[in-house]
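J.: First the structure, then my questions, so here it is.
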Amino acid sequence: MNEVENNNHSFPREDIPTEDEIEEEANSRQGILRYFRVARAEYTKFALLGLMFGIIGFIYSFMRILKDMFVMVRQEPTTILFIKIFYILPVSMALVFLIQYMLGTKTVSRIFSIFCGGFASLFFLCGAVFLIEEQVSPSKFLFRDMFIDGKMSSRSLNVFKSMFLTLNEPLATIVFISAEMWGSLVLSYLFLSFLNESCTIRQFSRFIPPLIIITNVSLFLSATVAGAFFKLREKLAFQQNQVLLSGIFIFQGFLVVLVIFLKIYLERVTMKRPLFIVSSGSRRKKAKANVSFSEGLEIMSQSKLLLAMSLIVLFFNISYNMVESTFKVGVKVAAEYFNEEKGKYSGKFNRIDQYMTSVVVICLNLSPFSSYVETRGFLLVGLITPIVTLMAIVLFLGSALYNTSMEESGLGIVNGLFPGGKPLYVLENYFGVIFMSLLKITKYSAFDICKEKLGMRINPTYRARFKSVYDGIFGKLGKSIGSIYGLLMFEALDTEDLRKATPITAGIIFIFIVMWVKAIIYLSRSYESAVQHNRDVDIDMTEKAKKSLETPEEPKVVD
C-alpha cells in the first residue's frame, strides 16, 4: 500500500484542502453526527473501511460462538487450555515471525491481502470437509473410551485427556484455532495496522470511535444470527447440520473475498487522489528502509514505554483467560446440574455476552465517553479496565468460591468457609457473563482506545513492528500463560474443575492488577507529554538508538 503521504506531485495543491480545513468540517457536526466526525471528502474512504471492519468483526463474533459450541459439544472446556498452549501459541508465534519477515519486502497492505486470501481458502476448505467429515475423521470414541470408568484417570495420565480430545475432533480444533487467529491477526493487528498507515494521527482519532460502533453492530447482528442458527440446528438431523455448517463456512469465505475486493477498490480508486494536505502536526516521518525484527526487539529491550505497553497487554490477557476458563467450566457444571444440552446452554450465555457487549459499546461511543482520553485524560480511561478486573475477582470469583464450598469440591479451607446451603449456579453464570462482557466492553472502549492512541504517537518507522510485538506476541503469550496456569491447576489439584483453584486465581490476578496500574500511570505521563508538545511519544530509550529514528521529509498530502 502507498503511504498516506504520497502522490503530492500528481495533483495541483489548489484543488486539495488542508488537513485543518477537513478537521474543521468534521468537528462541526451537530447532534448524533458529532460522534461520526467524518468530512464530506472522507465519506467514501470511511464507508469502505467501515464495511471492511464490520465484515471482519461479524466473522470473528460468529466464529467465537461456533468455537465454543464445538468445544462444549465435541470436546471438553479443559481442551481450550491445551489448544491455546500447544496449538495457538506456536501457530501465532510462527505467523507473527512470518509477518515480520514479510515486512522486510512487502507492505502492510500486501500482507493484509495475503492473510485474507489464506483465511478465505481455509474457510472454503472447512466448508468442503464438513460434507465428508464422517468419511475422513476418526471415530468420535477413539480416545474417549480410554477415560471412561476411571481408565487412565490417574493423576499422571489424566492430563493427556485434553490432548487426545483435540486429536479425536480435529475439525473442532481447527475451527477454534482459525477463530483465534482471525481475531488476533486480522481483526486486532493487520486491519488496525492497515488503518494506521491509511490515516494521519488526527484522522485516525476521528475514525476509531465510529468504526468501533460499526463492529459492535456486527457483534449484535452476529448474536441475532447465532440465535436463529441454534433454533434451526435443533430441527435438523446430523447430516443436515453438516450441510448447514458447510454453508456457513463457505459463506464466510465469500465474505473474506469481499473484504479483499473492498480493499482493492479503496486503494486503487478512492485513495488514488489525495484527500488533503497534511499539517505539520500530523506529518509522518519517513520510514527507514530496512528495519529487521531483531533490531526492533533490541530497541524495545531498551524502551521502558514499549515494555510497559507489552506488560499491560500481557496482564489483561492472562487475567481475562483465567476468568474465562473459570466461567466456562462453571457453565458446563451448571448445564449438567440443570440437565441441559451443553452447546445450547453455552450458546445462550454467548449470545447474552454479545448482545450486552455490542449495545453498551455502541452507547458509549455515541456518548461523551468516546472522547474521554482527550477530555478527561489517558490515566482515567486507562484505569477503567483494571478496576473492572478487580470487581470480577470480588463478585464472579467470589460466587465460584461459594459454589465450590457448597459442593465441598474446593480447597480444604474453602469447604468450611460458608454455612450450609445450595450452590447458586445461576448467580455464578450470570456474574460470569456480565464480567466477561464488561471486560470486553472496557477493552474495546477504554483499553484498546488508549493503546491505539498511544501507538499512533510512536514513530512510524517502528510502529508496525512494535505493534506486532506487544499486540501479537504478548497478546498470545498472555493467553497461553493463562492456559498453562489452568493445566497446572488441572494436574496439581487432580481435577477438571478449575473453580477449585479460585483462591489462587484471585490472588494472582490481584498481583497483576497492582503492576498493571503502575504501568498505566507511567504510560499516561508519556502520552500526555507527547500530546502537550505535539510530537512523537518518547519511547524512553538510549540516545544512540534514538538517532536512527529521525529522517526529515517535505510536506506531503494524504490519500
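Just so you know, the numbers here start at 1 and follow the chain as drawn.
Cβ atoms are placed via backbone N, Cα and C, with glycine included.
Quick caveat, the model's predicted, so the values are computed rather than measured.
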J.: Given the candidates Asn365, Asn403, specify the residue that Swiss-Prot annotates with N-linked glycosylation site.
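T.: Per Swiss-Prot, N-linked glycosylation site applies to Asn403.
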J.: Going by what Swiss-Prot says, which of Asn290, Asn317 is noted as N-linked glycosylation site?
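T.: So the answer, going by Swiss-Prot, is Asn290.
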J.: Quick check on the record annotations: which of Asn196, Asn216 is tagged N-linked glycosylation site by Swiss-Prot?
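T.: The residue tagged N-linked glycosylation site by Swiss-Prot is Asn196.
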J.: The transmembrane segment (425-447) vs the transmembrane segment (473-493): three or more C-beta pairs under 8 Å (separation of 6 or more)?
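T.: Counting Cβ pairs under 8 Å (6 or more apart in sequence), the transmembrane segment (425-447) does not reach the transmembrane segment (473-493), since there are fewer than 3.
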J.: Give residue numbers and ranges for long-range contacts of the transmembrane segment (377-397): same chain, 6 or more residues beyond its ends, CB-CB under 8 A.
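T.: For the transmembrane segment (377-397), the nonlocal Cβ contacts are 315-316, 319, 323, 326-327, 428, 431-432, 434-435, 438-439, 442-443, 446-447, 449-450, 453-454, 502, 505-506, 509-510, 513, 516-517, 520-521, 523-524, 527-528.
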J.: Mind checking which of Asn196, Asn403 has the fewest other CB atoms within 10 A of its CB? They're the glycosylation sites.
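T.: Least crowded of the glycosylation sites Asn196, Asn403, by Cβ count within 10 Å, is Asn196.
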J.: Under 8 Å for C-beta pairs, could you tell me which stretch among 111-131, 210-230, 242-262, 305-325, 354-373 has the largest tally with the transmembrane segment (174-194)?
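T.: If we count Cβ pairs closer than 8 Å to the transmembrane segment (174-194), 111-131 scores highest.
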J.: Pairs 6 or more apart in sequence, C-beta under 8 angstroms, 3 or more of them: is that satisfied by the transmembrane segment (354-373) and the transmembrane segment (242-262)?
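T.: The answer is no, given that the two segments have fewer than 3 Cβ pairs within the 8 Å cut-off.
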J.: For the transmembrane segment (242-262) and the transmembrane segment (111-131), does the number of C-beta pairs under 8 Å, pairs 6 or more apart in sequence, reach 3 or more?
T.: yes
